[in-house]
Structure formats: C-alpha cells, structure tokens
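Please read the structure below before turning to the comments.
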Amino acid sequence: MTYFPNVTKIKFEGKDTTNDFAFRHYNPEEVVEGKTMREHFRFALAYWHTMTQDGSDPFGAPVNQRSWFGETEMETAHNRVDAFFEILEKLDVDYFCFHDVDIAPAGESLEEFFANLDEITDHIKEKMDETGKKLLWNTANMFSHPRFNNGAASSNNAEVFAYAAAQVKKGLDLSKKLGGENYVFWGGREGYETLLNTDMKFEQDNIARLFKMAIAYGEKIGHKPQFLIEPKPKEPSKHQYDFDAATTMSFILKHGLEGDFKLNLEANHATLAGHTFEHELNVARNFDSLGSIDANQGDMLLGWDTDEFPTNIYDTTFTMLEILANDGLAPGGINFDAKVRRSSFAMEDLLLAHIAGMDTFARGLKAAAKLREDRFFEDLKEKRYASYKEGIGANIIADKEDFESLTEYALKNDNPQLESSHIELVKSKLNDYLV
Ligand code: XUL
Ligand code: CO
C-alpha cells in the first residue's frame, strides 16, 4: 500500500532541475564545516501538522482529504503510521515528533487512551525498526481537552494536576519504548487570564513540581531524555508563563532545573513575543541551553501563530549562524512545526512544503558557513569592541578597575570619540552572501 504512488524517494538534483519533487539545495551527504547536512540539521517531521491537521479555520470546514482516513478512529490511526513513515522515507528525513493525542484516539477513558497508545506505538516501533527512523521528541497534549481549561500543572484543580502527571508519565514510558532523545513541554494553557483570581507564584511552583517529578521518574525508569521547555508568549493563554527564552530561563534557574532542562525554541513564537528568532536562539545559547528548534515562520502582517513553512533565506541564515556557533543541536534537531496553507490541500503539498523548508535551510547553512569562513561578523564585532582590547578597556574586563580609578580616568578623558557603525554598508554587503 502506498499513499503517494506518484512520488518516488526525493533526491538532490541541484538548482537547475525541473523536477518539483527534488531537492535543489538540500543535499543530505554534502559536507559543510566538517559535517554532512543531514548531521547539521537532524530534520524532524511533526506528526500533528503533517498527519492530523485538517486545514479548517475559524471560518471554514476541513479541506484536507487524506487517503489514510479509515472506517474507525483506530484504523485511521494505524493507516497514519504507515503513511507517516512513507513520507519520512520519501523525504529522507531521519526524525519525527508527536503529541500523544496525534497518534492515537483518546477513547472513553484514560485507561482506554493508554491502551490505544500502546497499540499504536507497537506499530510505530515496528516501522522504526524497519526503517531506522528515530524519535526526536514526544510530548503530552495537555491543552486541547476542556479539562485543561485552567491549565495542566498550573490548574487550580488538583485532579487535573494528577491527570497531567499520568499523561507525562505515560509520555516518558513511550519515550523509553521508542528511544526518544528529547521530551518537550509546551505549556499551552500554563498561563492565566486575570490576576483577580490567580496565584501566579502558586501556579508556577506547581509547574516546577511536575517537572521535578518528570526528572525523578526518568531516573527511576533509567531513561532520561533531554527535557525541553518550549516558550510562547500568547495563544491560547493571555499571559503565558513561558513567555520567551529569557523568561523561561529565569524559571529554570529559579527552580534549579538547569541540569535537566533546555529550551525548544520556535521561530513563530519568537516573533509573537516581539523578538527575532535569532534573538531567542542567542539568549538560549548564552545560557548554554539551546536544545532544539521548531522551524517555521509567521506572517508579519498577522498577530497569530500561522506556523508557515520556512522559506525566508535571511531567517534561516541567521538561525544557522546561531546553530553553528552552538556547535550543533544534538541531541536536539530541527522539527518542522509547520503546516501547509489552507489553499495547499493536496496530499503532495505535504512533500512540496517540506522540500521548500529543507532547501531554505540548506541555503541558510551555506550562507552562514561562508559568512563564518570570511569572518564577516567576527571582524565587525572585533572592531566594534576594540576599545576593550587594550588600555583602560582591557583593565575593565580584567576586573582591575573600580569607581575611584575609573573616575580618575574619566576626569582626564572626558570626551569619548565614537565611530560610525556604517550599518547600511554592512547590510548591503550581507546581501551578497544571500542572493
Ligand atoms: C504550539 C506549538 C506546539 C508545540 C508542541 O504553538 O508549537 O505544537 O511545539 O506542543
Ligand atoms: Co512548536
């Protein structure tokens, strides 16, 4: 059985190819800075956007007709596994990610849900053994069901906390079964609407409690994936606790979670927070906490999370500069938390969209590597901070100065001369690397 009979395995054919089902820039075996592209990116497919997203929006019915729809929910779930692995194979992508609810129907009870998860992950495991594909991360969806209306670990209702704990425990059991390399927490409804009825400190302490239980359970079962928190500033909560990288790092440090937790950063979440993606990556890197990324892009004219496939070469270049400076992402990777547009409802669009994203990342990697080879930014920054290389500047960063000595210096040198940044020239020269 094949779900994409008209598409064979997608190969690198170079930018002059006329074949739409070919990579024009992504060549998995091409070596850049001593590593293959495959190793640099560690690309992963998102089960939710690829398999379960139906193209509906608040104004319109589902548009994505998929040939894996079956007679029952479980039949559909099994068909999805086969179709998903066919997509992984055809795109030559090594990793995948899922929420528990993406892969198996919730059933009538938690017990039934867990049984469904066991059955479907048996099927997934068979496919993994057959194809060598790997689980980058899994997570628990603790935001869609009405029980999570007031959050999961941050809920005011202790029974919801218990339910969430059971879901995460199951998630870790499945992670162990499938050899998951990371485990993600995106706090969909971990936030609040109004302080009129909310004890923010209490709720955040409870989130940390759940995280500590996850660490303890991982130790107990002898399987500790890299734990990752995925920040997002809004949607669905008004005030999300994990607003951005800096806010999330302060939470991690406050609760002593830094040994076990890093960040999973998403491009469109960064822009919703009013940051560039590279800002978020840089903040994480400065804390030695850049774990993994969800690759997508937003629409700057829209104020919500559109999760579009990344096609902007500037963005992927800046992203790859951060990833290269981080010496890679492993055990993390690049997950396409991206969905085809409502107008791209054909099955083949799932492949074409991923090809576009992978090619755009390949171009970003090449541009970033060339910029690094030419020391484009290094030279610029070296010059910009040159005053700290010698004299008074060198003394300041060697911690040899104090207020008295600096006052003495400033009294004798009270007319600092600044240099122009020539930033327009810099941007113009940068264009040469990208276009
Ligand atoms: C939501 C989002 C999630 C997380 C996993 O905006 O990005 O899909 O990546 O729960
Ligand atoms: Co995401």
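For all residues, glycine too, the Cβ spot is worked out from N, Cα and C.
Given the structure is predicted, the values throughout are model-derived calculations rather than measurements.
Among the candidates D199, D294, D305, the one that TrEMBL lists alongside E230, E266, D337 as binding Mg(2+) 1 is D294. Listed in chain order, the residues near the Mg(2+) 1 site other than E230, E266, D294, D337 are W186, K232, N264, L265, A267, N268, H269, I293, A295, N296, N335, each with its Cβ within 8 Å of the site Cβ centroid. When the recorded positions H99, D102, H269, D305 are screened for a C-alpha within 10 angstroms of the C-alpha of D294 (Mg(2+) 1 binding site), the residues that qualify, in sequence order, are H269. Selection of the recorded positions D102, E230, D307 by a Cβ distance under 6 Å from ligand 1 yields, in sequence order, E230. Considering other CB atoms within 10 Å as the measure, the emptiest surroundings among the recorded positions H99, H269 are those of H99.
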